[in-house]
Amino acid sequence: MSAIAPQRTYEVKTFGCQMNVHDSERMRGSLEDAGYVEAVDGAPDVVVINTCAVRENADTKLYGHLGHLARTKRERPGFQIAVGGCLAQKDRATIVERAPWVDVVFGTHNMGSLPTLLERSRHNDEAQVEILESLEVFPSTLPTKRESTYAGWVSISVGCNNTCTFCIVPSLRGKERDRRPGEVLAEVQALVDDGALEVTLLGQNVNSYGVEFGDRLAFGKLLRAAGAIDGLERIRFTSPHPAAFTDDVIEAMAETPAVMPQLHMPLQSGSDRVLRAMRRSYRSSRFLGILDRVRDRIPHAAITTDLIVGFPGETDEDFEDTLRVVEASRFASAFTFQYSIRPGTPAATMPDQVPKEVVQERFERLVALQDRISAEENERQVGRTVEVLVSVGEGKKDAETHRLSGRAEDNRLVHFAPGDAAPRPGDVVTVEITRAAPFHLLADAGVQHLRRTRSGDAWDRAQADSCAVPAPDATSASQGGAAQGGAVSLGLPTIRVGA
Ligand code: SF4
């Protein structure tokens, strides 16, 4: 990597899904590898916008942001703007046409060239647009700057071979490319060595993992192999696809203690007619059958989903089918979307687009139903004892309520009263659930047990590094000595929130 003027600072703004959040870690890693440092004063030399083309009004939001940044560009010589991600992949030259003050446009397949493109743009004083049509380096082989010490993400595949008619991903991210299991496991091991207790395996469709190297059972095997990694306590994955979800994966989940009792299983619609129009090849009965089998083998599994309301041609009857399947599914929570046209997708030009007011009315009914179910399912957790991995940034009201927050094994958000315990992010506490709300659980009876972990030690070290005070050594931290007054009293770190 060529040298860049020292100490240029950057900020990465992230829109969209977890895959984008993960990609942003790669962008930060590439920039830091090239000598940039993250801006702490809110006035970076480079702003990188990692865009999403899936969410509604993505382009309006992007150009709004770029409009604000134009002023900074006029006022601050040397200030640079880079636009990457899915929308950049899709709109490429249009971005520089509509916002000529942008310096770099790069795609989803060439995140690693970002520092070079920035440098070239400064040198040549002209915008650099570089979009690769296919993947040359798997993103996970790029350097990373991880957001947390206790959890990390590992891509197992990128792209998707499906053709869901509402989805822009296949045309932007290309055909599915799978990483070899050895590479994935090496990266998981590296995260664990770095202090992580939890790893989420990422792919657009994790159940088709292995299709590229001819092993249909590869995903279940991968879960079992990751489960054998010493020190890895929590394995999650996203997203599976109901059409490709096979019983060997359920068995691997049930028989691998580190695989958490949680499943995000996108339903999208409960109407078989709409599923067909969406080109989703499962039907509602198969979907419900999967949930039954998962719950049979993993009784406390929390299952979440994605739902789209108002897909073109959706009738009242179709929508009633969705309500029926949602009622039967007992999801812990759901991401519910109102269908809106995404240019470039097959559904965008389908006849019978549903009027906005009808979509809105159905959406509200569906959200009300799911909120009731979420509240009822959370109510069933009251009295249970759960292990919570303490996190940062998940309890917006923690400061005023004197609670800390984290995720239970089933990924439910728990706000707990720490009492005299002083857990660090990455430590694990055992608490009893005392109250439930639709979107979180409360544990106000104190901490039954605090387990100080390697992740908590790694947190201490990261805190100490960022504050330029000597890090407590791992042994004393894990015995509760030096760390007790250490990281906790240093206060909370800066937390970046992806939009
Ligand atoms: S499975 Fe469907 S919704 Fe998911 S990424 Fe592939 S095409 Fe898009």
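A Cβ is built for glycine as well, from the same backbone N, Cα and C atoms used for every other residue.
Features reported for this protein in TrEMBL:
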- Cys17, Cys52, Cys86: [4Fe-4S] cluster 1 binding site (BINDING)
- Cys160, Cys164, Cys167: [4Fe-4S] cluster 2 binding site (BINDING)
- 8-123: domain 'MTTase N-terminal' (DOMAIN)
- 146-376: domain 'Radical SAM core' (DOMAIN)
- 379-447: domain 'TRAM' (DOMAIN)
In the same chain, which residues outside the set Cys160, Cys164, Cys167 have their CB within 8 A of the centroid of the CB atoms that define the [4Fe-4S] cluster 2 site?
Asn162, Thr163, Phe166, Ile168, Val169, Pro170, Gln204
Give the subset of the binding-site residues Cys17, Cys52, Cys86, Cys164, Cys167 lying near ligand 1, defined as CB under 6 A from any of its atoms.
Cys164, Cys167
Does DSSP give Cys167 ([4Fe-4S] cluster 2 binding site) helix, strand or coil?
coil
For the domain 'TRAM' (379-447), would you mind checking the mean pLDDT of the predicted model?
94
Most Cβ neighbours within 10 Å: which of the binding-site residues Cys86, Cys160 is it?
Cys86
Counting by DSSP secondary structure, give me helix, strand and coil numbers for the domain 'TRAM' (379-447).
5 helix, 26 strand, 38 coil
What does DSSP call Cys17 ([4Fe-4S] cluster 1 binding site) in the simple three-state scheme?
coil
Check the DSSP secondary structure of Cys86 ([4Fe-4S] cluster 1 binding site), expressed as helix, strand or coil.
helix
Integer Cα-Cα distance in angstrom, Cys160 ([4Fe-4S] cluster 2 binding site) to Cys86 ([4Fe-4S] cluster 1 binding site)
14
What's the number of neighbouring CB atoms sitting within 10 A of the CB on Cys164 ([4Fe-4S] cluster 2 binding site)?
22
Summed over the domain 'MTTase N-terminal' (8-123), the DSSP helix, strand and coil counts are 59 helix, 23 strand, 34 coil
Those residues of the chain, 6+ apart, with a Cβ under 8 Å from that of Cys52 ([4Fe-4S] cluster 1 binding site)
Phe15, Gly16, Cys17, Asn20, Ala58, Gly85, Cys86, Leu87
